[in-house]
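*Asks:* The structure is given below, and queries will be raised subsequently.
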Amino acid sequence: MATWRKQYVVARPVYSEDSFVEQQEKICRQRKTPHLQRVFSKEVSPCDSKRVKNAALSLLPIIGWMKIYQVRKWLLGDVVSGISTGLVAIMQGLAFSLLAQLPPSYGLYTAFFPMLTYFFLGTSRHISVGSFPVLSLMVGQVVLRLVPGDGKPPANITGFEGLSEDHQRVLVASSLTFLMGIFQLAMGVLQVGFVVVYLSDTLVSGFTTAAAIHILVSQLKFVLGLNVLSVNGPLAIIDTLEKIFVQITSTNICDLVTSIVIMVVVFIVKELNDKYKAKLPVPIPIEVIVTIISCGISYGANFETRYNVTVVGKMVKGYESPMAPNLDVFRESAVEAFPIAIVGFAVAFSVAKVYSIKHNYTIDGNQELIAFGVSNIFGAAFRSFAASTALSRTAVQESSGGKTQIAGLISAMMAMVVTLALGFLLEPLPRSVLGALVIVNLKGMLMQVREIPYLWRRDKLDCVVWVGTCVGAILLGLDLGLAVGLGVELLTVVFRTQFPRCSVLANIPGTDMYRDHKDYMHIYEIKGVKIFRMPSPIFFANIEFFKDKLTEVGFNPLRVLKKRNKALTKIKIHLKKRKGMEGCYKNKPEESEDAGNVEELVLPTDFKDLPFQIDWNADLPGNISIPRVDLHTLILDFSAVSFMDISAIKGLRTALKEYIRIEVDVYIVACDVYILEKLHSTMFFDEEIHTSMFFPTLHDAVLHVQEKRKDCKSGNHWVRKH
C-alpha cells in the first residue's frame, strides 16, 4: 500500500560555486590546531579555576561518581558484587598465572595491586581489572624466551645472578609489565588513544580466537599431567602438540579424570547461570566451589604423593617489598611490550564501552590509557603481571549488582585476604584443576569461529582479515600474528580505497535525486551527459584507476585528441593543395602528415587559418576517419571524495584538460571546501580549467547543462565564419 509522503518545494537560483560565494557571505574561521599541539599549547592558563577543576575531574574520575554515589541504593549491590567478583578473580588469577609461566600466588598480586590505582583513575564503573588470559599468554611467551627452564640456560641478563628460576621469571614478567605500563601511560599523556581504532572488532575477534587455541594447547600438559618442555616462537603450537602426542601414553589418569569432571560440572553450571540469570540474585560461584572441593579431596586423599599429581605448592604469604624493573629486560622485550599494551587496552576499552552504553555514562579512552598505564606500573613494582579485564569477570561484577568500582575495590580486598591469611589452604590444589578452569573459560573466545560464515556472507574482506589474523597468530605466535593481522587489515583498506565501486548516475524522474543507473527501472539519463561518481578519496594510489574508469564511461579522450589533431593536419594540407600551394609541401609530404610529434598531438586543437568550423561527428572529406564522440558533458560527483593529494590533483588536471580539448564540458559537483582551497593553493586553475566548472550540488550542474544546451543552435557540419 502506498504511504503518503510529505512534499517540499524549493525555489532558488541555479548556483555555481562562484555565484554561491558571491551571494553568500562566508565567515573566515581559524583552523583548529592539531591535537598534540593543543595539549602542549602555552595558551592554557594555569590560574583558570574552571580549567583546573575540569583537569582534576578528568584525571581523577572517582571525584565525579563519588559525588553522585547513592549509598542506600548502591552500597549493598556493590558489596555483593565485590564478593562474587573477588571469588572469580582469585580463581582466575591462580589459573592465568600458569599461562604467564609464573607461580600461582603471583596471580593474586595481579588481582590486587592494579585495581587499587584504577579505582581512582579509571572512567569505567563496571570492568573488573586483573588478569586476562590473552595477555597472560603473551607475557608467558616472553618469559619462556628469556627464561626457558627445563635445564636450558636463561638469557644473559644482569639482574639474574643469584635468583632462582621462578624469581627470574617473576623479574621478567614484572619488568615487561612495567614497560607495558610506560607505553600505555605515554599514549594516554600524548592523547593518542585513537590508535585502538586500527584494531577492528574483526581483527580482535580473530586474534583472541587464536589466543584461545594457544591457551588450550598450553593447558593440555596440566590436564593430562604430562611434563612437556615449553616451546616458543613460530610454529611452536605444532611442536607442542607433537610433544604431547609423543607422551600421550604417559597421561596421569588422576589428573585427566579430575579435569574432565571439573570441566563438565563448571560448563553445566555456567550454562545454567546464563539461562536463569534473570532469576538468580548472583551467579553460582562454581569455580570457587569446585576449587574448595578439589583442595579438600586432594589434601584428604594425598593426591601429590599417592597419584603423583602436580599441585600448586607453596604459596607466598604476604607481600614483598617493591622491586625496580630490569633495564636489560626492557631492551629484550620492548618489541613485545608494545603490542601487549595495545591489546590489553583495546580489550579493556571495548568491554568498558559496552557497559558504559548500557548504563548511560561516558568513558574517556585517553584517561583509560593513563589509568591502565599507572595501574600496570604500580602493580609491576609489586611483582604483578599484565593487567586488563576479562569479559566473564566483568559480566559477574555487573550482573551481580555492581554499580561502581567500589565493587572492584572489595574484590581486590578479597584477593588480599587470601594472600595474607588463607593462601596455605590452596597449596594442595591440583594444577590440573586450574588448567581445566582455564579451558572452560575459553568457551566464549573459541565460539567466535561461528562468525566466519556470517562474515563471508556479509563482507568477504572482513572475513579475510579474521581468518588471516587467526591463522597468522596460531602459526607464527601472538606477537607476529598481530602484526600479520594489522597488515592484512591495512591491505583491505588499501584495496577498498584503491579500487572503489565507481558508478554512472542518472536522475530519478520528478526529483533532484541521482542514483546508479543500473539499480533502477525507471530512470532518466540526459542524452550526451554522463555523471560519474567516485566513492572514495583520490590519491596517488588510485588516480590511475580513476582515469581508467573515466575512459570506461565512454572513450579515451587522449586517443580522440590525437586522432583529431592528425585529421586537422590532413585537412589543412588538403585545403592548401586546392589553392595551388602544393609546391610548398611537395618536398615533405610525409613529414607534414606524420604523427610522430607527440607533444603537438596532445595540445588543444588549433583551428587557426581555417575558414570554417568542424563538426567532428560528421563525415569528413578525404576519407579522414576519427572516433565519433556522442558525449558533450561530463559531470564528476565528488560528494564522497574526502581528500586529494598532490599526485591526484596533477592527475585530475591532466584528465580534465584531455576532455576539455576535445570540446567536452566538464563539471565537478559537491566538492569539499577544503579540497577547493587546496586546488586554489596548488595553482590548479588556469586558462583551460576555471572555477566556474564547480557546482555546489549535482542538480545545479545538471540544470546549468540543460540551460546551456538550449542555447546551442544546430547547423551545417561545416559552418563558414562571418
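Note: Cβ is positioned from N, Cα and C throughout, glycine not excepted.
What TrEMBL records for this protein is below:
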type     : residues : note
DOMAIN   : 519-705  : domain 'STAS'
TRANSMEM : 75-100   : transmembrane segment
TRANSMEM : 106-122  : transmembrane segment
TRANSMEM : 129-147  : transmembrane segment
TRANSMEM : 178-199  : transmembrane segment
TRANSMEM : 206-224  : transmembrane segment
TRANSMEM : 244-268  : transmembrane segment
TRANSMEM : 280-301  : transmembrane segment
TRANSMEM : 337-357  : transmembrane segment
TRANSMEM : 369-386  : transmembrane segment
TRANSMEM : 406-426  : transmembrane segment
TRANSMEM : 464-491  : transmembrane segment
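Could you give the neighbours, burial and distances for every feature on this list?
*Replies:* Averaged across the domain 'STAS' (519-705), pLDDT for the predicted model comes to 81.
Beyond the ends of the transmembrane segment (129-147), by six or more residues, the same chain brings 89, 92-93, 96-97, 99-102, 107, 110-111, 114-115, 118, 122, 154-155, 157, 160, 165, 168-169, 172-173, 176-177, 207-208, 211-212, 214-215, 218, 230-233, 329, 332-333, 336, 339-340, 343-344, 347-348, 372, 375, 385-390, 393, 408, 438, 441-442, 445, 477-479 to within a C-beta distance below 8 angstroms of the stretch.
Same-chain residues lying 6+ beyond the ends of the transmembrane segment (406-426) with a Cβ under 8 Å from its Cβ atoms: 74-75, 77-79, 81-83, 85-87, 89-90, 93-94, 104-105, 108-109, 111-112, 115-116, 118-119, 127-129, 291, 295, 312, 315-319, 397.
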*Asks:* Would you call the transmembrane segment (337-357) and the transmembrane segment (75-100) in contact, using three or more Cβ pairs under 8 Å, pairs 6 or more apart in sequence?
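*Replies:* Answer no, regions not in contact.
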*Asks:* Relative to the transmembrane segment (464-491), which of 106-122, 178-199, 206-224, 244-268, 280-301 accounts for the most Cβ pairs at distances under 8 Å?
*Replies:* 206-224
*Asks:* Would the transmembrane segment (244-268) count as touching the transmembrane segment (369-386), i.e. at least 3 C-beta pairs under 8 angstroms with sequence separation of 6+?
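*Replies:* No, these stretches are not in contact.
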*Asks:* Who are the chain neighbours of the transmembrane segment (280-301) in space, where the CB to CB distance is under 8 Å and they lie at least 6 residues beyond its ends?
*Replies:* 80-81, 84, 87-88, 90-92, 258, 262, 265-266, 269-270, 272-273, 307, 309, 311, 396, 399-401, 425-426, 428-430, 433, 437
*Asks:* Residues sitting near the transmembrane segment (106-122): Cβ under 8 Å, six or more positions beyond its termini, same chain?
*Replies:* 59-62, 86, 89-90, 92-97, 100, 129-131, 170, 173, 316, 319, 367-368, 370-372, 374-376, 378-379, 382-387, 405, 408-409, 411-412, 415-416, 418-419, 423
*Asks:* State the residues, same chain only, that lie 6 or more residues beyond the ends of the transmembrane segment (178-199) and have a CB under 8 A from a CB inside it; answer 'none' if no residue qualifies.
*Replies:* 35-36, 39, 325, 329-330, 333-334, 337-338, 340-346, 349, 364-381, 386, 486, 489-490
